[in-house]
Structures are given as C-alpha cells and as structure tokens.
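What follows is a single structure, written as structure tokens, with notes after it.
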Amino acid sequence: MATHGLTDTDAERVLFEDLKRETVQHRSCQSKAKLAAAYLWQFESIATLVCGLVLFAYAGYVGALLHVSVLLHGTEDLAAGVIVLVILVLNGVIYVREQQLRSTEVARRAQLLVDRLCKYAFNYAEANTMPDMPSVRTVTVVRGGVRRRIFTNLLAKGDVIELTLGELAPADARPLVKPAADDNGRSSNLARNCPYLPTKDDISAPLLAAGGVAGQFVLQETPFAHTLREMLTTKRPKGVQEQELLRLRVLWRRGLWAGLGISVLISTLRFVLLDIVQGESTSAAFSTYMEVVYTLLPVLPLGCFVLVLFCRLCASARLISLFELLQASESVFEEREDVDEFDDEAPPPTKDVHVDFVHLCRKMLAVLRGRERRYLTRSVDLVDSLGNITSLCALDREGTLCMPVPSPVQLLVPNADDDMVMLDVEEDPVHASGVRFEDLTWDSYLSTLKPLGLNLLLNAHCGTSHPPVHADAHFKYSGAKSPLRLPTARQACLCRIGAEIGFTTGAVECFRQRGRVCGTRIQNAETYLRNAGSNGEQPTLSACLYEEQENGNLQLLSEGDVGLVLDCCEDYWDGQQLEPMDDSMRQRLLDFCQTAAMNDLACIAFAYRPISTDADTADANKTMEWSTDLQHRVVFFNTDAASLEKDTRLQALQQQIFLGMVTLSLQPKMDVRDFIEDLNTAGIRFVYFAPQTEQECKAFGDRVGLETDWNSCILLSSADKDGLSRSAGYVEQHDIKARLPHGTEQIRRHLQHVDDIPLHVPLFAECSPPATTEMMCIFQEYGDVVCAVGSVLNDRNALQFAMADIGIGVEPLPRHFYRDRPENGRVSALVVSTMLNRLACSLTMQHETSLYALNQMIGEARQFQIAYRQAIIFYATSSASLGFLSFLSNCMVLPPALSATQLLWISFLLVPALAFSLVNAPQDPGIMKLMPERNAEHLVHWKRQAFYQAVRACLSVAMCLVIFVLSLAACLNVKPTVTFTFLDRKAWHTMSDGDYWALRYAQQCCGFAFVYFTVWSSATFQHRTHSIIHTPPYKNLHWLITVIFVLVLELVLFFAMISGNSAQLSSLPWYLYILLFAWPLVFMPVHELIKWRDGLRHVQLQKRLKLEFNTKLGMHSPV
C-alpha cells in the first residue's frame, strides 16, 4: 500500500508546536511570587528586616533629643538602616532571579532554539551520507511519498515510519494498515522504545519479497516532545558545594540563635544590674539593647549572596573560556618539564593556553545576563560538578571513545596445503593507502589476495575516486544501504585495503553495477524472534551484480555474515585453484569467527561467482536453476527496481567461491587509554555501559585499559515479561563464584545486604537506556557525582544528560559533516538534531577534541572549587570575628567597638572583596592527585574546623579590643582601666560632644586594626594546607591588587570619618603602633601551625579515600 505521509513543512510545524507547548507549560509553573515569599520567610531575611527597622527606630528616637553628637549618631544609624534594607532587597532580587534562571534554563534554551529554527527549513541530506551506528539514531520515514532516513528527534506526530525487524519504535505508534485480529488478543500498536517483532505467521510466510518485513507505522506523538518533557521534569541532585552550603547554613543559623540568645541575656543583665541601679532605665534601655543589633548585624549573611554569585560567575566564565580555547587551539597536549614520564601518578598533559582578561570579563557579563546559551551555567554549577566528579559514565563508544566505524585488523584467506593465512593490518597515515600489512612478505600471497581486493574495492560504495589516507569518516555510501539493520562493521569502507593490494581506481571504472540483493537468515520463527528482540545483530548478506564494460561478463560479489556466506559457498580459492568447501574448512572458519566475536571483533566474509551469459537468450538470468534448500534459510528484500526475479536471486547466490574474511574492531581514539589512567589517578572511576554481551564488553574494556578480571563486569539485563533472557548469565567461573547481581533490582538488594562491589565496577554489559539511567541513579543515591559522556546524535542520551550531575556531549562525526550556518534558507538537520539532544549538556566536545581537554577542565574546576571553599571559610571566619568583637565589647560593658556603618562597610564590602580575590589562587600542581569526597555526609568534621577558625580569629579580635580600649583611653585622657567604667556607664545619647568624638576616633582605630589584621589573615587562606612559604600570596595578582585597594579605601574612610575631630594621631601612645603593626608576627605563626595540623588530618583523609577507591574485594570474592 503506497502512502504519502506528512510533508516536510507540516512535520516541522508540528514538531515546533509540540516543543514550544512543552517549554511554555514548564515555564508557566515557575512563579516569582512564590520564590520571593520563600526568600522573605527565611530566618536570615526576617532578622535582617528586624535589624533594619530597629536602626530606623533608634535613629528617630535619638534624633528627637536635638543634640549635636546625638544628631550625628542618629544620622549614622539611619544610614545603616537604609543600607540594611537595600541589601535585603538586593539579595532578594538576586535570589529570585537566580532561582528562576536555574529552574527554567533548559526550557528557555529550548524555546530560544525553536524560535530561531522556525525561520528555516531543514536539509535532511546528511542523514543519507553517514553510517548507521548506535551513537547516531535515525529511522526510515515517508515524507511526501519519498522514503528517507531522518534523525529520530526530528520526527513529528503523524509521521509514517518504517521499522525493520527488532528496531525500536521512537514513540507510541500504530500500524498504518490494521492487521488481522491476533489469536492471542495482542495489540498491534507499538509502545515507545519497544521493538518491532512481527508474528510468527508473518515471519514463516514464504520469502516475504517486495517490501520485506519492514512494517509501516504512524506516530501517535512527537518523540522529542516526550523526551523534552522528561528532561524538564527531571531534577538533578544537589552538588557537593551546594550541600555543604546548606549544611553550613543550618550550623550558622544555630549559631545565630545562640548568639542572639546570649546577647539578649548579657544586655538584660547589663540593663538590670547597672542602668536600673543608676536610675536611667528609660533613657538607657534602647541603647543597651542596641548592642544586640550590633552583635547580630555582622553575622547576618548580607554579603554572602553577592560573593557566591560573583564566585560562580568568575569560575563559570573562566571554565567556558578555557574550554573554547582548548577546542580552538591546534597545539598538542604536553607534559610539564618537571614531570617524570615514567611516574604512574604524574599529572595529565595540558595545553598552554591563556584566557584573556577582557574576554573573561565579557564572558562573565554574558553569563550574568543569561545570554550564554551554548552552556548550562545555572541549572548546573560547572565548578561544583566538574570539580567533584567521582564517576565518569560513557554512554556509547562509536564516535565518542572510538572511531565512528571499525577499522580492519586482520585478513584471513585460504592458502594451499589446507592452510590459513592471517595478515595483520594497521593504520599508517604516512603510507600511500593509509593502511599497510605488518607482514613484509605479504605480496607472496598476492594470487590469493587479488580476488578479495577486487571485491573490497567494488563493494566499497564510498563514492570517492581516490581512497583517503585517514580513516576518519570514510564510510560506505548510504545509497548502498540495506533495508536490514546492518552491523556497524558493514558500514566501514575497505577500499584502502584494495588499494594496498594494488588495485587502482581504473579497475572500478571497468565495471557497472546491474543489481543488488540483500537477505537475512531464518532458522525458525521462535529463534528469530528471540534474536530480533535483543540488541544482537541479525546475520545479513548483500550481493552486487557487476557487468564488465569490455566483454559484458557478469560477476556476483557477496559480503556479509560468515555463516550465511558459507551457506552459499561450495568452493574456496586457495590462490592456485578451487578447493571444495568441506565440513572441516567450514568449521575452522566458524570457530575463528566465534573467537573473534568473543574478542569484540567483527567478521565479514567475502565470496565471488562468475555468471556466464547466453547470447541466444534475451534474459540470460532466467535460464539459471536454483535449489529449494536455500529459500528456507534466506529472506530476500527487493532493494533495487531492476532486481532479478525471486528464483533468479536464489540461484545466483548458490555455488559461490569463498575468498576470505576481514576482521574489524573499533579503535579507541588517541589518548583514551592514558585519559582513563589519569582519571584513576585523580580518584575518578571510568564506567562504560555497553549494550553488548559480557565477553564483548570485557574485550573492549581491555582494549581501552579497564580492568577485566573478576568483579569487573556486571550485567544490567533481566528476564523480560515473556521469560526470554538476553543471556544465560555470567560466563566466567570467578564471576559466578563472586555471586554478582544481575539487573538493577538485584544490584539494589546487593548494595543493601551484601557489599558495595557494584559501585566499584568499571564495566556494565547488556545495558538498555532505562537500565543505564537506573544505574546512574543508584550511583547518585550512594554519593557519586556522575558525569555522563555520550553522543549528541543519540536522542536516548538526552534524558541521561539531564539526570546526571553534569552532561558532556560529544559529536560522533568529524566537523566536515556539520554545516553550522544555514544555506539557501535551509539549516542542516544534523546541526538541529545535535542542538536538540544537547539541551541538557553543560559542554559539547567536537569529534576531533582530545579527551585530555576534559582532564584539564576537571583540574581547573578542582582548583576553583578548593579556592571557592577557602573564600567561603574566610568570609565566615571574618564575619564571625566581627560579631564576636561586638559581643565582647558588650560583655565588658564597653561602648560598641564598631559602629553600624563600620560593620556594614567591612562585612558587606571589604571582606567579600578579599574573599573573592582568593578564588584566583595559584594553581596547585598536584591537584589531579587528590581523591574527591563523595556527595554524602557533608561537613562531618565541622567541629574541628570551627575550633581551628575560632583560634585563628580570637587573636585578632582580642588585639582589636585592646586597641579600641587604649585609643579610647588616650582620646579621653584617662587611664585604660577607667575605660571599662566608661563615663560611669552613661548612655551614648547623653554623651558630650568631646566624649562622642573620642568614641568615634577609637572606633575608627579599631576598624582599621580589624581590616589590617584581616588582610594579613587572608594571605594564609590562599591554600588550605600549604604554608605561605610554599604558596606565596603575592603570586595571586588579583589578591595583591585587592589588598592594596582595601587598605587604601579603609585609610580614606578613616581620615574622612575623623575629620573635624580634635583628637590627633599624635595623642595615641607609641606602644599602640607597635602592637598594631607587630601583632601579625604573633598570629601568623599560629595560623600556619593550624594549617599544618589541618594538613595532617587532610593527608589521613586522602589516604583513606584512596584506599577505598582502590579496594574492590567483596564478601563473595573468588580469591
């Protein structure tokens, strides 16, 4: 039945409408009002609002007293109240905006893409010029009456698709023609991701000619609209840094409650025992309880929102800029000069690229405005995710870890004396043909190789007149594709071997193709259905009929599955004569093929038959006889309009001459083995999810350097609903003894009741997309930070990109396939498919980019992550120090050591500036040797860290308080001991002008001392454990400039605030200057001692993490 199907215009319109509907629906669920309410309902927001209102009220109260000093003090508190409320609003705007951008980033990215693509039509030509391989998912669709291959994510509801046996439906579909009622009552509709398996009666029908077993279905939904809906509703787990900040927030909130309670208690005791006794309860009550506000104000996270935002902006912009430079640079990755190349734990090689400061600022601005649409910077924290990766999961291999198609490894040809000749083939870009035989005496077998070489050259269908030197993207021409699902190895063009044997392009020009026949084997319907339901490749055969231009002789050249080709052969060519294909030779060839399959090698057999012509017959092909035995083993497909008749096709495949076999294997990309070794050194486990069987998976794992011994591979398949299992279970005896689980359900039970071996396994075999997704979720549940790496042309990876902590897409095809810019109003369907599949990818790597770039990105992210953690600790320590200073002044019955404006000036501007400068700390050369911590049980040792930071802060706070007392006593011209009974504890608003200016002068001295000590302390936060001798702070240029800027600003403020004051610097005692400038010599060694102590604990932690990473013994270990 002929069908017209949708037109391209209608299908694209339906696709755009469905995608836009999903994005609009998702974005409509996000409410700014709910986010604003959530922000205001937090304890920190409420406390900030109360502090601002109290400052307003106090300013109004003291302003009514109409005294010069009172008016100045009230104006200062009024300004502080305004600043606090402005900061509250600013933080609220940042919170609401960032949360909204985070929750709608993927949806906005999709909507902007759809809006841009609506202006163009699609050019589908690329899908017909690339190989069918697992990492590039296409399907045959009928558009406007024309059959073509289209990427599955570009299909639309109403499209008519054709599925071959075992091919998965991209969406819910119904048959185009309603079949007869099934005796079992089984529905003929196909659900999403279900294989097309015809009934037994359909398969047993004779020959299934003209149209074959390809079924036509009408899609009931747009495939990628369903995928996009799942992507938008999938929630990524919170990262390590985010979890640490949440944990720190809980602990900080407890400290706020404790500090608030103690401050209220101290102020109450001070008011009751001192102020009421003096009869000043009414006038002193307000000022006494204002001490609580001064204690609480600096410890509120007023500057934390801005600090975290700018740290993320700077880190994300730098990582993005570095990633772009690594891909654009043509230089190679090189080891550092001081690295021993024989060191197993040497850091990975890097590229020497420099990120321009102006470009970095522009990138930061683009990220801030949300205009950087090629990368995810909100829903995924690049620093947090990359810097804490513990598991890197490879979703596919063709074009990502390996070359797109297999490369020839061996040629196996029969030889005289009942012998076999195996010739190893290797890639050699310097060689003329791009490949060469390792055996230098290969030309002695030239008589055996010639027929095979001609077959390889004629069956190439590569469309190139000259074989390329490089194997990249050298595929067979898509027009030669079979309607069957051909193995990836059959897509590889082997014309380079023909050229190496000695054939030239002139040999091809002497032949003209007359027809083509394709077929597959059927032994019985039950076995065929079982094989078609698995990911196993079906045995296929294709034969091309060529006519010689000179004499008109016909020659049939066949290639395909070894067993199927051998069924068609009666003889084999040994280089000298034809020999009969006996059972012994057949069994030797089948054994070789089976051994190769166990080693993840693909075998292709080649055969030949000359066909004589009868000049007296108009159609010589019809005079041939054929055997009835072959028709029960081969199903034929009408692949050419000028094909031969059914009986002629059957007869033509008989009595062929076996020429030889070629084994092929997927060759890993350059540096893949070294990349995996470097990941292991960095404490990152490389995990490969393979759809192949256990033995094939282990063979590939051994090729890329993964462990393949016991406890190294787990099967993710399980028995289906019909009771048919894809495999008989584990093959190796040690795996059976180890009692490894089978399927994700057993893995969960194994982790709960046995051991954690599944979390240490690098290989998972017999994986389906749902099983892979479930296993990645298990990783995350047990604290792994998962990075998913896969092809951006496989729409099954889109959901896995969305649920992983970070998704990195890889273009499986070389760049010359991509036409990024529209031509003649049409945009490449290949580019559109890539853009849709990578919506949830944070980064997208080009095919030619080395995986070493990912190693360098991880190292840079780790450096930022450690520096970011140091910046947060420094900010928290400095803020707590300010609060502790105000608290001590209240406990000692002193006036406030710092005014409200000083507290805001330091906590909201100076301290965040110094903390932000720590983000650009010098690079640690050993950063890729550290073991990352798991995303579980965060800040377990917070008590020890809190003690360390308290000791570091106490020395500076104590000296600041001493300087405050001494400078206040000097300005009042009294003894320091009298200062502790300051003016007989008179309230601030009752002070004289001289007393107020003396207090103001002392507060400025205390503020400058605190900033000065904080600057010195920040130098010790450049690295967590390294001393300032090992990591000199001046190497951080950003920090050096910030220090100068902060000190200059503080000096300007100091002299501006004391202008008009009668007190002079000369009135301060000389020993006060000595205490101020010499005190860093006292507390800096203490800081270094604490870092040394913390470093010892850190080394112990790293040793324990490394031991856990390298330990793989299970409860049921076979050794």
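Any Cβ shown, glycine's included, is placed from N, Cα and C.
Sequence annotations record features per position, and here TrEMBL assigns transmembrane segment to 36-58 (among others). Within the same chain, residues 74, 77-78, 80-82, 84-85, 87-88, 91-92, 95-96, 253, 256, 260, 286-287, 290, 293, 296-297, 300-302, 900 sit at least 6 positions outside the transmembrane segment (36-58) and bring their C-beta atoms closer than 8 Å to a C-beta of that stretch.
What TrEMBL lists as transmembrane segment is 78-96 (among others). Here the transmembrane segment (78-96) has long-range neighbours at 32, 35-36, 39-40, 45, 48-49, 51-56, 59-60, 63, 297, 302-303, 305-306, 309, 899-901, 903-904, 908, meaning same-chain residues at least 6 beyond its ends whose C-beta is under 8 angstroms from one of its own.
The feature transmembrane segment is assigned by TrEMBL to 255-273 (among others).
If you look up TrEMBL, you'll see 293-315 (among others) marked as transmembrane segment. Among residues of the same chain six or more beyond the transmembrane segment (293-315), those with a C-beta under 8 A of the stretch's C-beta atoms are 44, 47-48, 51, 54-55, 84, 87, 90-91, 94-95, 98, 245, 249, 252, 255-256, 259-260, 263, 360, 364, 367-368, 377, 381-383, 861, 864, 868, 871-872, 875, 879-880, 882-883, 886-887, 890, 896, 898, 900, 903-904, 906-909, 911-912, 915-916, 919-920.
The transmembrane segment annotation in TrEMBL covers 872-897 (among others).
Positions annotated as domain 'Cation-transporting P-type ATPase C-terminal' by TrEMBL: 895-1092.
Annotated transmembrane segment per TrEMBL: 903-921 (among others), in sequence order.
Residues or ranges marked as transmembrane segment in TrEMBL: 953-976 (among others).
If you look up TrEMBL, you'll see 996-1016 (among others) marked as transmembrane segment. Below 8 angstroms of C-beta separation, residues 69, 72-73, 878, 881-882, 885, 895-899, 902, 905-906, 910-911, 914, 956, 959-961, 963-964, 967-968, 971-972, 988, 1043, 1046-1047, 1050-1051, 1053-1054, 1057-1058, 1060-1063, 1068, 1076, 1079-1080, 1083-1084 of the same chain, each at least six residues beyond the ends of the transmembrane segment (996-1016), sit close to that stretch.
Residues or ranges marked as transmembrane segment in TrEMBL: 1037-1058 (among others).
Below 8 angstroms of C-beta separation, residues 948, 951-952, 955-956, 959, 962-963, 966-967, 970, 1009, 1012-1013, 1016-1017, 1019-1020, 1027-1028 of the same chain, each at least six residues beyond the ends of the transmembrane segment (1070-1090), sit close to that stretch. Residues or ranges marked as transmembrane segment in TrEMBL: 1070-1090 (among others).
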Tertiary contacts of the transmembrane segment (903-921) (same chain, 6+ residues out, Cβ under 8 Å): 80, 83-84, 87, 294, 297-298, 302-303, 306-307, 310-311, 314-315, 863-864, 866-868, 870-872, 874-875, 878-879, 882, 886, 1007, 1010-1011, 1014-1015, 1018, 1021-1023, 1031, 1036-1039, 1041-1043, 1045-1046, 1049-1050, 1053
Same-chain residues near the transmembrane segment (255-273), Cβ under 8 Å, at least 6 residues beyond its ends: 43-44, 47, 281, 284-285, 288-289, 291-292, 295-296, 299-300, 880, 883, 887, 890-891, 893
Model confidence over the domain 'Cation-transporting P-type ATPase C-terminal' (895-1092) (mean pLDDT, whole number): 85
